[in-house]
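Structure record follows, encoded as structure tokens.
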Amino acid sequence: MKIGILTSGGDCPGLNAVIRGAVLKGLKSHGDEFVGFRDGWRGLLQGDVMELSRHSVRGISKQGGTILGTSRTNPLGPDGGAGVVRDTMERLGVGGLIAIGGEGTLAAAQLLAQEGLRIVGVPKTVDNDLDATDYTFGFDTAVQIATEAIDRLRTTGESHHRCMVAEVMGRHTGWIALHAGMASGAHAILIPEQRVCMDQITEWVTDAHKRGRAPLVVVAEGFVPEGRESAHSERGLDTFGRPRLGGIADVLAPEIEARTGLETRATVLGHIQRGGVPTAYDGVLATRLGMAAADAVDAGAWDTMVALRGTHIVRTGFAEALGKLKTVPGGRYEEAAVLFG
Ligand code: F6P
């Protein structure tokens, strides 16, 4: 069968490993051939394809980003729809599609699958907030990058006797903040799931300072202090209508400085958390998911996505997998909070 692959939504380390895993498994085990759609659903809607041969996937699992490119194009937008997708697939002789993406991509894939399109999904996000899978590839790499960066902030903070506030990704959930914060020994971790008040944050920072430490605060971009409407409202909406996040560290730092009298600096780590080579863990997970996606296509397991459960890669229905965000459980936060201050 000729199989199409696309990567859609925000990129993350491991996308190329999925592509390579799917192509090699499909070629070797099932005699499939592959094409890649450029820039996500845009390439599918416009029939913009590239051949994916054994040669073209050689060595790519070590590359960051996606060789196919990505976009946030909605396949069900004004220029799209199931009919356009079906026409392109038929015209190019593509018998099945592997869609690699996050919540938005997989939700669109589900709607198209319900229209009879032959699609298998592969979950992806650095945020690790998809409920259907125990871990998403890209998360381990993002935590590694964030931890290394926060460790560097610690030493400069210690030299200057400053409080350092590090903002990490996490629009809806605080997985990266929790893991990178724990790994780097942060004195406070602030996540969207827990509305901590400014008095409590001040107390943690002051306690750490009194013990002679340079206080280190790790905050997820979606955090809003208790008692505040939103820390981000003044940043408005992006062109996709989403609140423009990023910048909570810049809100917190002057407030911490005013309350504690400690010189405080903010650093927003931003997209470096999504770039570069995947960790070995993410590389293996992504490769296994890609291989499982090729098997699912071969088995005609349409309207499913592949997921990690424990150490096994399983197939799960889109319906079962979507619509529920995997948030940080209260118990995980309480466990970490014992170490704050
Ligand atoms: O969903 C992954 C994510 O990295 C979020 O943590 C972040 O809010 C968002 O993507 C950033 O998106 P963009 O790359 O469009 O700025």
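Sequential numbering from 1, following the chain as shown.
Every residue, even glycine, has its Cβ placed from backbone N, Cα and C.
Same-site candidate for ATP binding, as annotated by TrEMBL with Arg72, Thr73, Gly102, Glu103, Gly104, Thr105, chosen from Gly4, Gly10, Gly170, Gly174: Gly10. With a CB cut-off of under 6 A applied against ligand 1, the binding-site residues Arg72, Glu103, Thr125 are reduced to Thr125. The ATP-binding residues named in the record, Gly10, Arg72, Thr73, Gly102, Glu103, Gly104, Thr105, extend over a maximum Cα to Cα distance of 14 Å.
Under DSSP, Arg265 (substrate binding site) is assigned to a strand (E or B) in the three-state scheme.
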